[in-house]
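The Zn(2+) 1 binding site annotation in TrEMBL covers His78, Asp141, Asp198. The active site annotation in TrEMBL covers Asp80. Residues annotated as Zn(2+) 2 binding site in TrEMBL: Asp141, Glu176, His384. The active site, proton acceptor feature in TrEMBL is assigned to Glu175. Sequence annotations record features per position, and here TrEMBL assigns domain 'Peptidase M20 dimerisation' to 207-307.
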Amino acid sequence: MQHIIDRFISYVTVDTESDPNSDTTPSTAKQWDLANQLVEELKAIGMEEVTIDANAYIMATLPSNVEHDVPTIGFISHFDTTPDFTGANIKPQIVENYDGKDIILNKEQNIVLSPGYFKDLLQYKGQTLITTDGTTLLGADDKAGITEIVTAMEYLINNPEIKHGKIRIGFTPDEEIGRGAHKFDVEKFAADWAYTMDGSQIGELEYENFNAAGAKLTFSGKSVHPGYAKGKMINSMLLANKFISKLPKHETPQETKGYEGFFHVTGINGSIEETKVELIIRDHDRKKFEKRKKTVEKIAAKINKKFAKQFGGPIVSCEIKDSYYNMREKVEPVIHIVEVAEKAMKELGIKPIIKPIRGGTDGCQLSYMGLPCPNIFAGGHNFHGKYEYVPVESMQKAIEVIVKIAELTAAKK
Ligand SMILES: [Zn+2]
């Protein structure tokens, strides 16, 4: 256990915050610090074909130790942390034998991690938790995943009696700003399938995510002196308001769960002459997703029809762009890759929690790039903020899941 803690701490104490406003890959130069450290470590534990490309994508191989043909499997994590909360000067705190009570993260600032608010804490009574000091995030998302993959590879190298096929591992920058997969060289990785170790609580196994699109609408108007505006003025802000009011009222993020999709207005910026509305559209079901996009277009078309004559042309333009799709489409034809992970968990006494993701993962993009890629728990909770924590026992179990999947994949049928 100490080995896992030490390794994890050696990663989270390196600041790797990514930056959505940068065009480079990695988006921040400091991500190289951990990337270079990881390359050295992978070589030191005896991984082969350790490579890092110009964009800081790391890949490495653990060769097969069996004679018969076994599919090549991959394990993937990201080493950046979210720009939503500071990841500099992380001072992890270790809570041994957690007693189920409040954890004081920071006495001076009165920051408390309480099971009264975060009920999940109670399932880890008696375990060792790693928390923040209340002033930063922890970075278990996704340095827990990296810790687990490196430790599992080290374990397989040190225990050659465990039989496995060829294993490829991949560490990426910039996942948190949605750019973890886009420069991932799937061909070079050359695995039959892979898993991102990037889920939250122990047992999570995910292979369904949203279909996602973003819409940008621009409403035009006509500004006239308000005292003389009758029959002349068109206020684009009111048109935008009309549009939003026509969206299905209860299909918003705050009123939906599970497989329910939504429309989510993310921004409005307007004046009388011009108002821009941005929204995102989400649905697990591809048909319903397409229908949602049509709904947006239809409402815009109606407003156009109603005001085109007065305005003298189209008064609203609507631009919809798909962002990503549900990986289920790509994973279902090879569902055995989910089943083997499920079996691995069950054999280790872990209850698989299989549920649709209400978002996307790097794995969904990779799945559409030709690498089917479900997501497995990395063990952490409360990502992207100061209440983030990870039970060391969950990391230990994730390591065992990786080893077990490798073993089961290589088992002769
Ligand atoms: Zn993550």
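Each residue's number is its place along the chain shown, starting with 1.
In case you wondered, yes, glycine gets a Cβ from its N, Cα and C as well.
Annotated features taken from TrEMBL, shown on the structure.
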residue : record                : contacts (Cβ under 8 Å, 6+ apart)
His78   : Zn(2+) 1 binding site : Asp142, Gly145, Phe171, Thr172, Pro173, Asp174, Glu175, Glu176, Gly180, Asp198, Asp362
Asp80   : active site           : Thr16, Glu17, Ser18, Pro26, Ser27, Thr28, Gln31, Pro173, Asp174, Glu175, Glu176, Ile177, Gly180
Asp141  : Zn(2+) 1 binding site : Thr81, Thr82, Glu176, Asp198, Ala378, Gly380, Phe383, His384, Glu388
Filter the candidate list Asp80, Asp141, Asp198, His384 of recorded positions, keeping only entries whose CB is under 6 Å from an atom of ligand 1. Asp141, Asp198
For the domain 'Peptidase M20 dimerisation' (207-307), the number of residues DSSP places in helix, strand and coil: 39 helix, 31 strand, 31 coil
Going by DSSP, is Asp141 (Zn(2+) 1 binding site) part of a helix, a strand, or coil? helix
Over all shown protein chains, what is the count of other CB atoms within 10 A of the CB belonging to Glu176 (Zn(2+) 2 binding site)? 24
DSSP state at Asp80 (active site), helix/strand/coil: coil
I need the neighbours of the Zn(2+) 1 site defined by His78, Asp141, Asp198. Which other residues of that chain put their C-beta within 8 angstroms of the C-beta centroid, in sequence order? Ser77, Asp142, Gly145, Glu175, Glu176, Thr196, Met197, Asp362, Ala378
Give the mean pLDDT for the domain 'Peptidase M20 dimerisation' (207-307) on the 0 to 100 scale. 96
